[in-house]
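Visitor: If you look up TrEMBL, you'll see 30-48, 54-76, 97-123, 143-160, 172-192, 212-234, 255-280, 300-323, 344-361, 367-391, 403-425 marked as transmembrane segment.
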């Protein structure tokens, strides 16, 4: 990549492309980094959003989860790898589609990711503030100070470089996986059949397809980690050279298998414990699944753990989305004709991100939800449709043409795109199926919602 777009140049130390070799610790770090970006606080709303459609739609979604996630993200990875140089996605779109189209896609890429980063900033501040007040019984500092300290702390990690950032994300994944596994196992003795009650009632084909159509974006965006794919692909190309496609495919498969197995185990454990009516009640109360389970079992431990689990989920997702957002902003600045030095551009972008995230986290404007929803169609196009279009139009990607998985990705992308657009126009739940951070902001840690209609005595 050239010096006008140094976002990738500074990320990884120069290295000679390695032979494929055996699986390495570096590969594991990236596998967990991908997991960390995808699986955020919205996961704790997934059992409710996905389970409300009934058993059969959920079963179909579970079967589609891995291929939807893997083939789409593999396509985007291959798109970034197809560039002649070591450029990130903003450089590759310019190379393949021209300066004008490249600049437009870069702007869309940034504005699809950046609102998610802002929402995570709000959610992080609300989480810590409420945890200090209601679980630790401490008076939190003023919101402006708290949000500044939290965001500055996360950006300090980013300033250590992307390798360090991905390593921190991978470390945060471990407690999150353990928490999901323990919660799922905790519920096993309480399985009552739950959603299986609806298994004996097969809905009419039209109703079933309509439910599935509206539910697909829930699963698509629950496993979305496109913001970090560009950095991932660039690192694979630098490290493995001509073997980058093969090794990145291996990392993606393992990351997606881990995501799907862990999250679906948690989801099915929840929906086998709670009935459809109880899931609907949780939805009506705007509660996370942890909040509802804490009420359902009168369990103060779950209530106490909820904000801690969400903090980890939000923090690691914030870091992953920052990588994509900063990449997009640097691309916009350089394509606007600015030619700052590499370090200067890095500092300017970090400062802008800090100021905007801090202001938004302090003010918590209500318009964020609408902006986040508008990013859904953009991400659907960039993740599903753009790489498939490139396979037909870009010579370096034509070697991937003819695969049945390409048709599958296009179909899923069109389904997700039309469903999200319909949701925006009709105000259905599919309009709000992005990372779920905004919902988490409102529902996770408000004490009156955390305890529902009961009072839960938390440990002192």
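Start at 1 and count along the chain as shown; that gives each residue its number.
Backbone N, Cα and C atoms are what each Cβ position is placed from, and that goes for glycine too.
Worth saying up front: this structure is predicted, and the values here are computed from it rather than measured.
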Visitor: Output the single range from 54-76, 143-160, 344-361 maximising the number of Cβ pairs under 8 Å to the transmembrane segment (255-280).
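Guide: Between the candidates 54-76, 143-160, 344-361, the best contact partner of the transmembrane segment (255-280) is 54-76.
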Visitor: Tell me whether the transmembrane segment (344-361) sits in contact with the transmembrane segment (212-234), defined here as at least 3 Cβ pairs under 8 Å among residues 6 or more apart in sequence.
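Guide: Checked: the transmembrane segment (344-361) vs the transmembrane segment (212-234), no contact.
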Visitor: Among 30-48, 54-76, 97-123, 172-192, 212-234, point out the range having the most Cβ pairs under 8 angstroms from the transmembrane segment (143-160).
Guide: 97-123
Visitor: State, in range form, which of 54-76, 212-234, 300-323 has the highest count of Cβ pairs under 8 Å to the transmembrane segment (30-48).
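Guide: It is 300-323, which has the most Cβ pairs under 8 Å.
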Visitor: Which residues of the same chain, at least 6 past either end of the transmembrane segment (54-76), have a Cβ under 8 Å from a Cβ in it?
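Guide: For the transmembrane segment (54-76), the sequence-distant neighbours (Cβ-Cβ under 8 Å, at least 6 residues beyond its ends) are 34, 38, 89, 195-196, 198-199, 201-203, 208, 211-212, 215-216, 218-220, 223, 225-226, 229, 233, 248-249, 252-253, 256-257, 259-260, 264, 267-268, 271, 276, 382-384, 386-388, 391, 400, 405-406, 408-409, 412-413.
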Visitor: Is the transmembrane segment (212-234) packed against any residues at least 6 beyond its ends, judged by a Cβ distance under 8 Å, and which are they?
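Guide: Same-chain contacts beyond the ends: 1, 8, 11-12, 30, 33-35, 37-39, 42-43, 46, 49-50, 53, 57-58, 60-61, 64-65, 68-69, 72-73, 76-78, 80-81, 86-90, 113, 116, 162, 166, 244, 248, 251, 256, 259-260, 263, 320-321, 323-325, 327, 376, 379-380, 382-383, 412, 415-416, 418-420, 422-423, 428-430, 433-436.
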